Amino acid sequence: MTSDKSDNVRVAVRCRPMNSKETESGCKSITIINELEGSVWLLKNSAHHDEPVKQFTFDLVFDTQSKQTDIYNKVARPIVEKVLEGYNGTIFAYGQTGTGKTFTMEGVRPVPELRGIIPNSFAHIFGAIAKSGNNTRFLRRVRDLLGKDQTASLDVKERPDIGVYVKDLSSFVVHSPNEMDKLMSFGNRNRVTAATNMNEHSSRSHAIYTITLECSENVGQGKPLLRQGKLHLVDLAGSERQAKTGATGKRLQEANKINLSLTTLGNVISALVDGKSTHVPYRNSKLTRLLQDSLGGNSKTAMIANIAPSDYNYEESLSTLRYANRAKNIRNNAKINEDPKDAMLRQFQKEIEQLRKQLEEGGSPSAGLEEESGTEEEEDTEGRKQMRHKSKHDRSKISRRKMAEIQRMIEADKKKLEEQKDMAVEERNKIQTRLEQKEAELKKAKDTQANLMRRMEALQSRIIVGGENLLEKAEAQERLLEQSAIELQRQQKRAEQLHQKLKAKEEERINIEEKYNSLQEEAAGKRRKLRKLSTTYLQAKAELEDVRSEHAREMEGLLDNIRQLKQELALHTLLIDYYIPKPYQALIEQNVQWNEDIGEWQLRCVAYTGNNMRKLEKEQPESPTELSQVYLTYHGDETVSTFPSKSTHKTVTKARGDSASTRCSKSTNRKHPR
């Protein structure tokens, strides 16, 4: 792998416009966005009148009039470009419910100007493929909420060679932006949404749309260079407060789970930023486990924090800005994924090469072609299995030369039948039968060749060759993105010039203020500086109090988790002590180990235990039942003995008297006394 310089997570903040409900309620705007300086000011509202103004600085900020194309070109385009080079990339939207996260990621697809990051990335990727050289080949796979059974629970696993992945997650090979758009629409239909007081179309789950791009490039005479980039497009569900959303019943349960996973995400961000933390709680939720590489790992990551402008959402906006301010300090170490172990492009190219050789030689599929890797699921797996099943039964190796020879023999037999009309009936039938056999053999060979050709064409159709026109309807979208990118560069140049002029004016003003003509002017200048310093001091003091209160809330949440874990531990300990004796508990603890990859306890040498070592008992022939102990002999002395008896026999003596009690005793070759 080729190493790249580590860089921080890029953080952008986007503020949505005031909605109709906030306008009707008389809410005031408390956010000031300065795109030139990349700063966000959060003004104090009526409930927090004693607090100073909060200021935050980020890589990029967008006000209420920002355009979707500007968001994509500034935030997402650099990440997608790196994915095309073979890096892993992640773009995710974060914020409270109803702040426009889904609009930022998806937008309004029928309107080109309102499309979000996900559909714009489709056009960008296929546009880059179309502009690449003919010696470059691509394979694209997408994954989403595409499984047939939406109630099935999927396990998050980890392997040393491919990292964190979801077992049994559906994967599709696509050839155009339209196919990707259809898959995304299908996945969105499976995503649960519901109406709350804060949002009419509130997402009730997180969504991760993964695009895997494999690229094979011929750089010389040797082995082609294979790279794999993965783009994770994440639309997080928003954090909620029950008092504001009015969620009840099932929606309240969903909100609790959403808030819990987002709290875990916040704890991960805090642990990554805090240099003293020795443990990052990635495993506390599936969300953070899937985003493990995106936060502090092998990925180029961009975060878009969405906030609301109204004073009604002051606390939520402040919390979002604080988490975003922490996230910009996370450092990732992204690397180019060269020659990945799970590359499907290599498998397809190998199969195509084998099919091409078979077409040249005229042979049936070899055993190597029948083997299939099971790293990813595909939409046409059953069809490929059926084709391999048919090819197993067709082992007649007929080369093209042989086919031509059979064709000549058929033509010769037909000519012979036409010329010798007076031939005997038996001879004519014999030639006719041979002719039919040859025609059937030739037809079978042609069918085999056609089958191999169809399979090779099907595999080749999955591999996208650079230089082809693949944009179709997305062509206009790509042109729109390019035009907006050019216009954006012009605006940035003008903004940079204005910023330099403003900076020069500010320095000139400071120099003028420092030149005092009298003591009164100097005193006035000192007072202005004192007021500035006093404001800065109050801001720092308020920020410290906010951090302390937030830390106290986090500590309380962690203590709640600890108390819950202690209760679960006590329950487990009680059950174990009740059913398993203490010596066996110690024995079990000595012979188990924790498997970090699958997150489970495993027995050491499990292959040599239990059913793995149980041997089938050999069936013994049934022997006649021994009945010597059940047959009795009756003697005249009123004794009853078993028969036969060699050295020891049993006797039963009936005692005289009114009570008919029975007594059994053993005797050795002697009579029992009366």
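Glycine is no exception: its Cβ is also placed from the backbone N, Cα and C atoms.
The ATP binding site feature in TrEMBL is assigned to GLY95, GLN96, THR97, GLY98, THR99, GLY100, LYS101, THR102. Sequence-distant contacts of THR99 (ATP binding site), defined as residues of its own chain at least six apart whose C-beta falls under 8 angstroms from its C-beta, comprise ARG16, GLY238, ASN306, ILE307, ALA308, ASN313, THR320.
What TrEMBL records for 403-575 is coiled coil.
What TrEMBL lists as compositional bias 'Acidic residues' is 369-381.
What TrEMBL lists as compositional bias 'Basic residues' is 386-401.
Residues or ranges marked as domain 'Kinesin motor' in TrEMBL: 8-330.
According to TrEMBL, the feature region 'Disordered' maps to 359-402 (among others).
Positions annotated as region 'Disordered' by TrEMBL: 642-674 (among others).
Once Cβ contacts within 10 Å are tallied over all protein chains shown, the binding-site residues GLY95, GLY98, GLY100 are led by GLY95.
Secondary structure from DSSP puts LYS101 (ATP binding site) in a helix.
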